[in-house]
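TrEMBL lists 105 with the feature active site, proton acceptor. If you look up TrEMBL, you'll see 28, 29, 30, 31, 83, 84, 85, 86, 96, 97, 98, 99, 123 marked as substrate binding site.
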Ligand SMILES: O=C[C@H](O)[C@H](O)[C@H](O)COP(=O)(O)O
């Protein structure tokens, strides 16, 4: 089974948790896209749900698949958010934002009763940090923000190169919110909760890709089948 088939399997398993009448957060990325497509098939067959997309890309996918959409201004909570991740550790802390959608993803996950993470099992790691940590920043005063981020890294015992993310066309990547992303190659983040707190305290940082205590469960698809891990 190839990687894409594993992603679809994980998405299909998460779909088992969806009930009629639910309000759903719809994640972003190649794995979440499978979930949106499978959800669309169920909607076409009569399932009544409504979704909040975590990016303009997911909005377009959901519209194409016929999934009805709303916003967090029109409803007061979500039952489940189903989203992918770039890394998942055994405490179900995550690195997200490889696709640049971390800000909306975190807002939507935090407004949800449960967050189910779906992934192929290569995303499962003993310690976060091999995947570059995305930090969403305001372009204004970026030099000062970068220095403050470096200081936070030192205080949290991590270090590594930082680079402003570029889009495929070579221009600076701009998020749906109009911000930039700095990717930090940290290698190993021993204390992700402390680093998350330190980054959140920096004025020019809009959000970062550490999702601490947000995921309720992870559905990991691998060569030997599906593993569901619940947060203790
Ligand atoms: O910004 C993007 C998101 O955090 C994605 O959920 C994450 O990058 C995983 O994406 P994929 O399922 O494509 O690996």
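Glycine is treated like the rest: Cβ placed from N, Cα and C.
Structure with TrEMBL features highlighted.
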{"residue": "28", "record": "substrate binding site", "CB count, 10 Å": "29"}
{"residue": "30", "record": "substrate binding site", "CB count, 10 Å": "14"}
{"residue": "83", "record": "substrate binding site", "CB count, 10 Å": "31"}
{"residue": "85", "record": "substrate binding site", "CB count, 10 Å": "29"}
{"residue": "96", "record": "substrate binding site", "CB count, 10 Å": "31"}
{"residue": "98", "record": "substrate binding site", "CB count, 10 Å": "21"}
{"residue": "105", "record": "active site, proton acceptor", "CB count, 10 Å": "32"}
{"residue": "123", "record": "substrate binding site", "CB count, 10 Å": "22"}
- Query: Just the number: how many Å between the Cα atoms of residue 28 (substrate binding site) and the residue listed as 'active site, proton acceptor'?
  - Reply: 8
- Query: Do you know offhand how many angstrom separate the residue listed as 'active site, proton acceptor' and residue 98 (substrate binding site) by C-alpha?
  - Reply: 12
- Among the substrate-binding set 28, 29, 30, 31, 83, 84, 85, 86, 96, 97, 98, 99, 123, as the record gives it, the longest Cα-Cα distance in Å: 15
- Taking the recorded substrate site as 28, 29, 30, 31, 83, 84, 85, 86, 96, 97, 98, 99, 123, identify the other residues of that chain whose CB atom sits within 8 Å of the mean position of the site's CB atoms, giving them in sequence order. 27, 32, 101, 105, 119
- Query: Once the DSSP letters are reduced so that anything not helix or strand counts as coil, what is residue 30 (substrate binding site)?
  - Reply: helix
- Assigned conformation of residue 123 (substrate binding site) - DSSP reduced to three states: helix
- Should residue 96 (substrate binding site) be counted as helix, strand, or coil on the basis of DSSP? coil
